[in-house]
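Engineer: Supplied in structure tokens, the structure appears directly below.
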């Protein structure tokens, strides 16, 4: 009987262990590591490293006990002290770092028993934005402050393009930045360059695209600036001219009917495109960029606008007339040259023909020359 009691007591004193919970914490944010237990007298949170155990937070005697807390967690941990008596032993971890990832143990105990629960912590710094722009080297995509390591892919008008990837750069915080440049293709109309940047585990993808358009109008004409995916899609839209903002609006709110900008009227159509009315100055020529921004994408359409003024038209006409005159002169010169060449060729044929027909034409010419010399008194037998 005594042996049975001792066996039961031993089994009771053994630690009760549960399976791991998995928690994904966002970089620099606050994160809760869950733990529930009926053993409320002693609570220790520890991080399990390969060679050692790190003290993260302790709670006993009704209060936090941080004398032996690891320096890396100083000022970043707390518990729901008012809920410990109800069995909530969860740890609050603040200002999450990439180094916080790993396996944690929640140890709870009373005088006669203890319990262990484990939490696997993953850390993510999601892709918040991607910058895409034209550079001297080509189309460049860039993102920063990402964890874990990101990866990138490119397409042109939907066709995949393979380029030599550059390794992401890691900073002192353990965050990654990535820059990739795609060489510009030969000049074509409406090329769309798209870069897709994904997290290492492919749970998030951010897409950025840049489309190039060109148009030419006469002074005083209207022009429609296209915007990406305008109709029926949510997002923030911004039209810029160089570094100047023309207008911006959110597709979920009423769109501005029309505004005045730089001396002209600007109107947003029902399809979300933007009309610039009566561009009456060369100062309106340049590159207009319409951008659509969402939480997971950035789309840009850059429209290069050229305006033909009266002086421009005059120059075009003058150059055209000069070209026509030059071509006409060249054609006339060519025709004259061909005719002279043909005449010379015919004369040559006549000369060679006289000596081949019993010499008659040649004799007649010689007799004519002798007669002329005789009459002038210069001829002798």
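Even glycines carry a Cβ here, placed using N, Cα and C.
Automated prediction, rather than curation, is the source of TrEMBL annotations.
Here's the feature list from TrEMBL:
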type     : residues : note
COMPBIAS : 362-381  : compositional bias 'Basic and acidic residues'
DOMAIN   : 19-120   : domain 'Ig-like'
DOMAIN   : 139-211  : domain 'Ig-like'
REGION   : 342-381  : region 'Disordered'
SIGNAL   : 1-19     : signal peptide
TRANSMEM : 313-336  : transmembrane segment
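Quick one: how deep are these features, and who are their neighbours?
Structural biologist: Helix, strand and coil counts from DSSP across the domain 'Ig-like' (19-120) read 12 helix, 53 strand, 37 coil.
Taking H, G and I as helix, E and B as strand and the rest as coil, DSSP gives the domain 'Ig-like' (139-211) the counts 0 helix, 41 strand, 32 coil.
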